[in-house]
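Colleague: Mind having a look at this structure? Questions to follow.
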């Protein structure tokens, strides 16, 4: 059951990522139709901007994420021996280099990982998590975060965030070009061969325009769907490492029962946390939820 869940989650992720890239190209094609009456120009624009933005995002240092979330590096085992040993042992089991270790001075129990590859990985936990969890529960959480690093989830989420940003940029660019085109009479200079073709072009233009307007919303929903799927995969992978689903289950129960919200959370970092720092109590995932409901995660773990 465990390995079936892991395989199913990986397949689902591949479909989501492929769909995401196709969606970006569709947005580019729609913009090409709207602005130049030529979808190919839009495809090229989307591909160029997308490749450039993804490159910039992937090259960004994980230290930026740590700074945004007020995480301080643990530079020696003496500073946090239990945490250090747990990260070291889980990394060894996962077969990756030991990630850098950070602590966020916040009373709410939570954790996150960053780093686009296992060689550049880092794990951060809140002070509340260290104070609230037993050793075996902490192992479950750390195994979950180590799994994100081993599965290249941070790289995937970085690409997803970049693609959402690219779609927002393309959509905004299209609106500006339409505005300036309307002022200069750009589209009025395009003549149709006959009334029928002119009517068809108008319909295509309107459909493309609606698609471009809705694209940022749809892209955000796709990004969060990917995020929720990777959380399930990291849970399953954590059990593969610890061979103890109870530790992760009890950690999730304790975090769910804790009412404290994190004091300072970067909005752009919400999706990387172990559990939503906004403390959502939903039992069903919404389109714009970065995490699946904790009750759903526990149910899947209990069925392993």
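In case you wondered, yes, glycine gets a Cβ from its N, Cα and C as well.
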Colleague: Pick from 117-137, 138-158, 159-179: which range has transmembrane segment per Swiss-Prot?
Modeller: 159-179
Colleague: Where Swiss-Prot shows 144, 148 binding Zn(2+), which of 73, 231, 263, 264 is named for the same site?
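Modeller: The record-listed residue among the candidates is 231.
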Colleague: Taking 39-59, 81-101 as the choices, which stretch does Swiss-Prot tie to transmembrane segment?
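Modeller: My reading of Swiss-Prot: the transmembrane segment range is 39-59.
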Colleague: Taking 202-222, 265-285 as the choices, which stretch does Swiss-Prot tie to transmembrane segment?
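Modeller: It is 202-222 that Swiss-Prot describes as transmembrane segment.
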Colleague: To the transmembrane segment (202-222), which of 14-34, 39-59, 159-179 is linked by the most Cβ pairs under 8 Å?
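Modeller: Per the Cβ count, the answer is 14-34.
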Colleague: Express the distance between the Cα positions of residue 231 (Zn(2+) binding site) and residue 145 (active site) as a whole number of Å.
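Modeller: With the alpha carbons as reference points, the distance is 10 Å.
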Colleague: Counting only residues 6 or more past its boundaries, what in the same chain has a CB within less than 8 Å of a CB in the transmembrane segment (159-179)?
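Modeller: Non-local partners: 17, 20-21, 23-24, 27-28, 30-31, 34-35, 45-46, 49-50, 53-54, 56-58, 209, 212-213, 215-216, 219-220, 222-223, 226-227, 268.
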Colleague: Other residues near the Zn(2+) site, CB within 8 A of the CB centroid of 144, 148, 231?
Modeller: 113, 145, 147, 153, 230, 233, 234, 235, 237, 238, 274
Colleague: Just to confirm: which same-chain residues, 6+ apart in sequence, have a Cβ under 8 Å from the Cβ of residue 144 (Zn(2+) binding site)?
Modeller: 111, 234, 235, 237, 238, 248, 274
